[in-house]
Amino acid sequence: MTAGFARVLHAEWTKFTTVRAWVTGTVTAALMLVLFALLAGISSDQKGSPPVPTGPGGEPVADSFYFVHRPLTGNGSITVSVSALDSSIPEGPGELRPGTVPWAKAGLIIRRSTRQGSPYAAIMTTGSHGVRMQDSYVNDTAGPPGPASARSVRRLRLDRAGDTITGYTSADGTHWTTVGTTHVSGLGPTPQAGLFVASPPVADGMGTAGTVSTSVFGDLRVRGAGGRWTGDQVGAGSPSFAGYPAGRSGSYTESDGLFTVTGAGDIAPAVRDTLPAGGTLGDILTGTFAALVAVIVVGALFVTTEYRTNLIRTTLAAAPKRTHVLMAKAIVLGGVTFAAGLTGTLVAGPLGEHLARANGVYIFPVTSSTGLRVALGTAALLATASVLALSAGTILRHGAGAVTAVTVAVVLPYLLTVIPFVPASTANRLTRVTPAAAFAVQQTLVPHHQVTGNYTPYNGYWPLPPWAGFAVLAGYTAVSLSAAAVLLRRRDA
Amino acid sequence: MTRALHAEWTKLRTVPGPLWLLLGAVAATVALSAGAASVVRCTSAGCGGDLTGVSLVGVRLGQAPVAVLAVLVITGEYGSGMIRTTLTAVPRRAAVLAAKAVILTGAVAVTGTVAVLGSLLAGRAILPGAGGDLTDGAVAGPVLHLVLIALLGLGIATAVRDSATGIGIVLGLLYVVPLLSLAVGDPHWQRVLRRIAPMSAGLGPPLSPWAGLGATAGWAAAALLAGGLLLCGRDA
């Protein structure tokens, strides 16, 4: 850095810190983050709601299904054939029609107990994803495709040897193929083994609707398990269970060695649709939108005020290298905004989470590295948006125009994605190509291919990875800053 | 008062900015409405949601240039120092603000009617047979919304006397307050926020003709009153 540029930088720093409105605006941005986090934290009261079940990794899970089980001591195996998996989908209030639930599950499971969140391994046929082997809620291995029916009976087998569970499938009962082998720790001395049926909700408009499925099992053979079969609805009152459609319930009947089992729910990681009352770190940081408007105003004013008061002539006379002036302004503005944004986010995030948890609201957990990414990303988002406003102000030389252009470009696309009738594909496209893509830095939820859900920006799932989304905004800012530099050099001030 | 009105009309008419902003408002409204109508998925059961609402999504974008115009009507004078001349010529300051409000209302009402009719017709052309009906409510509601947003912008801008700050506050009220109501968990507070937000009619249920206009009118009246009191009490 040359001494000349250092002087320009110092001049811009002095201008910024001595204009009270700009400092106030930047502090307001940080306060908005904290204020909105406070509001989000105290505005919801879910005290006394049942706890959200968590899996072995601490992640929230759905663990509700109908379970026909008996204890399995020591090693052993369980074999069954599935000849039907029929699902019903709600159609209008109180009406059900037959339909396909892609991730309806019927099969065999070995798990520590009937408590929600128990370690398990399972092999199953599904509505339209073929045979799968799943364990520990998040792991999913694909087996042969195709649904189970009377004409193509699916045979399934689970073998347990210590902590090792192996799943097999066969079409004819003689040739068995291995679907997967997994190590499940914490199965305990007497795990429960048996048949299960689960039927997760299907996407319905902006929300989901509960379904129910019935499966027919035959040829049940068990080695190592004793006692009577018991039928239980696991996780009946769980917050991650939408319940049965009106008038239906879980059950099982046995006659002539055929088990008919009806169930609803899912054994899977919880997504936003599973826990609609839950909150995310991104929800707590809604103040980002208000902070954005504040930093956009400050960014635009940082240059347009010079044009209005004609200070720009003095500035350019003192520093004839005009690009240096713009760079210095961008560095000072970006740096100050980043610091304010980071301070605001680091206070707002933990504060809002603490208040929400104290009110009984479930907040989706984040690792410390994800939390740090959200904080740094939000600060970078605010800083970059303010520099975008600075360059728009330089191009337009007009405060109101610059503020409107940048606010509309960043906030309106997001606002359009929350309109109920905008299709998810349009919402995803809007948040991929517009500067609003940068809000992806606040995503803390993880989509799971084995769970049907509305993976939309409104629900906290962004089409681009966090830093790629940020790069879209950074790209717009880089282009706009270059255009501003060219115009500033060419035009008469 | 007639002279004040004539002066304000001349100021609005003789600079190119307002005309471009109003044309921009029409273009933005119709373009976004047409875009929304073209992405809506239609099934045999219908096109999801209220079709008049689909055809009027563009009002969310079109209100931005309207707000800019409203803010500039007064802050432009503060920026150039013209406000001193204006107040010397018309010493009754309330009359100046009233004249600005009347001229702005007229300009935005005409522009808004063109924009809203254009959106509804575009929606009808893109979604034939299902397009929004041209009832009085479907046209007058959104036009009134635009007029009230303009008055809200005028009031706030008179109070803060700076174009960038003024437009920042107006856009914050229009775009950020509805998002706040989404972040608040408690349904009671959500309802309260939706009812008091100046663009409450724009989120959740599609823009309905009259719902939410009362809140917007309240905001506009409060902003004009605050701006008027400050204008009368402060040194220019």
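From the backbone N, Cα and C atoms, a Cβ is placed for every residue, glycine too.
Taken verbatim from TrEMBL:
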- A:21-42: transmembrane segment (TRANSMEM)
- A:284-305: transmembrane segment (TRANSMEM)
- A:326-351: transmembrane segment (TRANSMEM)
- A:371-390: transmembrane segment (TRANSMEM)
- A:402-422: transmembrane segment (TRANSMEM)
- A:467-488: transmembrane segment (TRANSMEM)
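Contact between the transmembrane segment (A:402-422) and the transmembrane segment (A:284-305) is present: at least three CB pairs lie under 8 Å, with pairs separated by 6 or more positions in sequence. Most Cβ pairs under 8 Å with the transmembrane segment (A:21-42) belong to A:284-305, among the candidate stretches A:284-305, A:371-390, A:467-488. Same-chain neighbours of the transmembrane segment (A:284-305): 15-16, 19, 21-22, 25-26, 28-30, 32-37, 40-41, 311-312, 329, 333, 337, 340-341, 344-345, 348-349, 352-353, 356, 363, 374, 378, 381-383, 385-390, 392-394, 396-399, 402-403, 406-407, 410-411, 414, 439, 442, counting only residues six or more beyond its ends whose CB sits under 8 Å from a CB of the stretch.
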